[in-house]
Amino acid sequence: MSLSPPVDVQPPPQPPPQPRASNLRRWKNKLTSKEGWVGDYDFGWLCSPTLPFGPQKSRRMPPFYALDADLPLLLAIVCGFQHALAMLAGLITPPIIFSSALNLDPPLQAYMISSSLIACGILSLVQMSRINIWGNYYLGTGLITVVGTSFATLSTAFAIFDSLYANGTCPTITASDGTASRGPCPDAYGMLLGTSLICSFLEIFLSFVPVRILQRIFPPIVTGTVVVMIGASLIGSSGILNWGGGSNDCSSRPDTGIFRLCPTIFAPRPLPWGSPEFIGLGFLSFVSIILTEIFGSPFLKNASIIVGLVVGCIVAGAAGYIDGSSIKTAPGITFLWVHTFKIRVYPPAILPMLAVYISLAMEAIGDITASAEVSHVEIDGPEFDSRIQGGILSDGLGGFFSALFTVTPLSIFAQNNGVIAITRCANRTAGRICCGFIILFGILGKISGVFLAIPNPVLGGVTTFLFATVATSGIRVLSYIKWRRRERFILAAALSFGFGDLLVPTIFTHLFDGVKNPGTGLESFFSSITIVLSTPFLSAGIVAVLLNLILPLEVAEDNDRNPEPEEITREDSNVEAGESTAEEEKPTKRRY
């Protein structure tokens, strides 16, 4: 009997593991393990207060989490909340200022805050995406580039509102004693939305212009000048006025009428504008920001604006300055389109709003560069150019959809770059969680009522600092310039118009008074020119762009026309860490 050799029976091939099952196992491990929740991140470092006058302990900085790294759940939630706190004050400020300038009723004001939060959360998700449209064209940056209501719109909107009140489109209420005050004008806000909606197509078009051409037209000498003037004009037109008691008609201290006291005579504790009590409240908020920067943990430093608001509100509430009616009237739950506005186009505002969208594109280029730098990705080459293109396109589409969401144009916020640098978390998961927090804050209508109840002096003390940081960002951009006679000349000429408008805002108001009986079209054109010239950052930006294009390069500059990229290091807050991380950080190159 012969035995046949054993047959090597191969098991049947197993099908590859299904991605869905693999994802389920990964999430199970993440939810049930300490590594999945905490990882190796040093939360003690993030939350430990700073003691500048004692011995400094050297502590190693936490690990850096890249865009798509596997992020521990607790860190994702904490960093997402940190991003939300960092941008919260900037998100609520513009709708509060818009609604106050138009004297809208509290329920409508609360809705404007909620709609701003919801729209910013939704459109930030789009901006963080990196969706390939076709070829090398993308939608979004693929970075933690959150968006918020643009401060650049405020100065232009004030000029537009002044024009609408002056020509009778918005009502002016005359009291029995002859004093005049501005009445509620929601239609003006609707005109601002409609005009911004059609003008958003300009930024959409600019997104398809090669990035190198945009950088040649809008170099740092232009963008820095514009950002400086935006911050400076907002301090004068809103921040410091609210610090004194209010930016409405009470700032002129009339002898009669409801605005003879700030914010009105119906407030819980009305006082004349500039009273020491108001100045003290604003100063308390301002000092709270400074003390947080000195003694606060890295987590609190990124939320110093919120700390200033909270401390100021606690003292103001104890002293009886807070009116809680806005909280009572605010709905528990709200969403977009609970209130609507008549969206119409105001022809004289078209030219100024086009200039605003150009400034938004300039601002986006600088902010995306900063975001890419702190996120440890390339800031030169085709991929970086596509991030800028996608960011500007998302900005333009954001301006279109934000108007449909009843929100003024949005732009990329630079505040979150500091959060990335300090927390060392550039992960988009944290960014998406941040968007979830922002949307939640907007849906909970009572939160908007709380924001609306913030007294003007507290808001002014905080926003004055916030607007000053905007101007500081512009100065930082200007610091990258190689200062020669040509650059000094351009900046001096631009600031002549910018600071002139800022200090004497009525200089161009009567420019066309000598034209008798102009037609409707010509009158609209005159109004457009007046609005542009009366807006500091627009007039300064136009002068800077024109002179940069027409002034020839000096002979000594020929060799510097295409300078070698400069090596700069990232701002990774090594002071807080107590040690250098040079072994981890490689210098990056910035192209200008």
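Just so it is clear, glycine is given a Cβ too, placed from its N, Cα and C backbone atoms.
According to TrEMBL, the protein carries these features:
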{"type": "COMPBIAS", "residues": "8-19", "note": "compositional bias 'Pro residues'"}
{"type": "COMPBIAS", "residues": "559-573", "note": "compositional bias 'Basic and acidic residues'"}
{"type": "COMPBIAS", "residues": "583-592", "note": "compositional bias 'Basic and acidic residues'"}
{"type": "REGION", "residues": "1-23", "note": "region 'Disordered'"}
{"type": "REGION", "residues": "559-592", "note": "region 'Disordered'"}
{"type": "TRANSMEM", "residues": "71-96", "note": "transmembrane segment"}
{"type": "TRANSMEM", "residues": "108-126", "note": "transmembrane segment"}
{"type": "TRANSMEM", "residues": "138-161", "note": "transmembrane segment"}
{"type": "TRANSMEM", "residues": "188-209", "note": "transmembrane segment"}
{"type": "TRANSMEM", "residues": "221-243", "note": "transmembrane segment"}
{"type": "TRANSMEM", "residues": "278-296", "note": "transmembrane segment"}
{"type": "TRANSMEM", "residues": "303-322", "note": "transmembrane segment"}
{"type": "TRANSMEM", "residues": "433-452", "note": "transmembrane segment"}
{"type": "TRANSMEM", "residues": "458-478", "note": "transmembrane segment"}
{"type": "TRANSMEM", "residues": "490-512", "note": "transmembrane segment"}
{"type": "TRANSMEM", "residues": "524-551", "note": "transmembrane segment"}
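Contact between the transmembrane segment (458-478) and the transmembrane segment (278-296) is supported: at least 3 Cβ pairs lie under 8 Å, counting only residues 6 or more apart in sequence. With pairs at least 6 apart in sequence, the transmembrane segment (490-512) and the transmembrane segment (138-161) have fewer than 3 Cβ pairs within the 8 Å limit; the two do not touch. Using a cut-off of 8 Å between Cβ atoms, the transmembrane segment (303-322) and the transmembrane segment (71-96) share at least three residue pairs, counting only pairs 6 or more apart in sequence. Among 71-96, 221-243, 490-512, 71-96 has the largest number of CB pairs under 8 A with the transmembrane segment (108-126).
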